[in-house]
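These come from TrEMBL:
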- 25-35: compositional bias 'Polar residues' (COMPBIAS)
- 84-211: domain 'P5B-type ATPase N-terminal' (DOMAIN)
- 229-286: domain 'Cation-transporting P-type ATPase N-terminal' (DOMAIN)
- 1-55: region 'Disordered' (REGION)
- 85-110: transmembrane segment (TRANSMEM)
- 263-285: transmembrane segment (TRANSMEM)
- 291-310: transmembrane segment (TRANSMEM)
Amino acid sequence: MTDKMASYEPPEPPTHTSSSGGPGAQSNVQPPATSHDSEEANSDDNSSSSAEEKENTGFCFQPSINANSQSLSSSIHSNVQADSFAQSTCLIVLYHILGVLTFGAVYLSAYWRPDWKVYMCCNKTVLADATHLIIKDGDGPPSVCVVGREAVSPEFPERYRLPAPEQQLQGSNSSLDSDQQQDHSSLITSRSEECHWYRHFTYQLIKFVWSPAEQRFVELKALDSNTELAELLSLYQGYTTKQRYIRYQLYGPNEITVEVRSYVSLLFSEVLNPYYIFQIASIILWCSDDYYLYAFCIFLISCISVALSLRQTRQQSERLHAMVKTKQDATIEMLQRRQPGDHATPVKLSISELVPGDVVLLPAVGCIMPCDCVLLTGTAIV
């Protein structure tokens, strides 16, 4: 799970104890626990505010309300330019008309270069209204990121929370690739409750979240930066269920998703490769000149190549999916509280439910750690 953890890996500072929970390990979790984002769940706790600031440290910059581009910086990126765009209904209609008139040539070019599709279907806009971002990194082709918008509860971290009228939450959340967006609005327990929302996108497994105060996207950080050991011992001693859900929505599941695509989907992607488009054009050309045997040889060789490529790609994805799924289906024991201020008690949850700041109990027989951790008590051999 190391790759997935790149955006929120350092989550769970664990406490080491035996499977039966010895008294030495429990002595570190008896004081009233305070979560690392408890400025949202326990606004009366001053120490939790400093923890949240350290946890979500992003970039230093000058806010610009009218900016339509920004430079992204993260632990693995530097001087990456992001330009903002918003969808236009008229341009989308025109795009489809041109696609039909050109017998799919426009669709094919947009498939090869997603940034061309954004240019054809979107208008330049300010970052605050962006639905798509074109990210330019070096001399390679630009990447397209869809800006997702999710409904959240009022307890969501204030730094990333935006007020949203109900009609906005129910309204247009459309995009060129709507399947890339996820809606976790079910975390809001009541429609009558005041609703908020937050905006985000993921680029190369790094999650960026919109900061209303700074008017740009900032890298989402957890406990992997500016966190002192004293804070881990005093502030992070187990979450409540509600606090866990809030962090789960912000950081996402602790898992790596390996998609096993169908043969039809793989065939579609393979055939639309520029190489095979060229081969199809060559077959048509040789057939028009009555070189049927040569055209048949090209067709036969291309079919064999496609079949071998599909089989190899599918087998690799199946093996990787099985390996990742086996680890993610396991459970782990961690500390959890019923209410803020209660004593934390051990509970077993799925590894995919781990969030930054969880306190994990290591079994005496050992285990494979599903994330990056800090050993708080006890001893361990890695």
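The backbone N, Cα and C atoms fix where each Cβ goes, and this holds for glycine too.
Whatever TrEMBL says is automated annotation, not expert-curated.
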Beyond the flanks of the transmembrane segment (85-110) by at least 6 residues, Cβ under 8 Å: 116-125, 129-134, 174-176, 272, 277
Tally of residues which DSSP labels helix, strand or coil - the domain 'Cation-transporting P-type ATPase N-terminal' (229-286): 40 helix, 1 strand, 17 coil
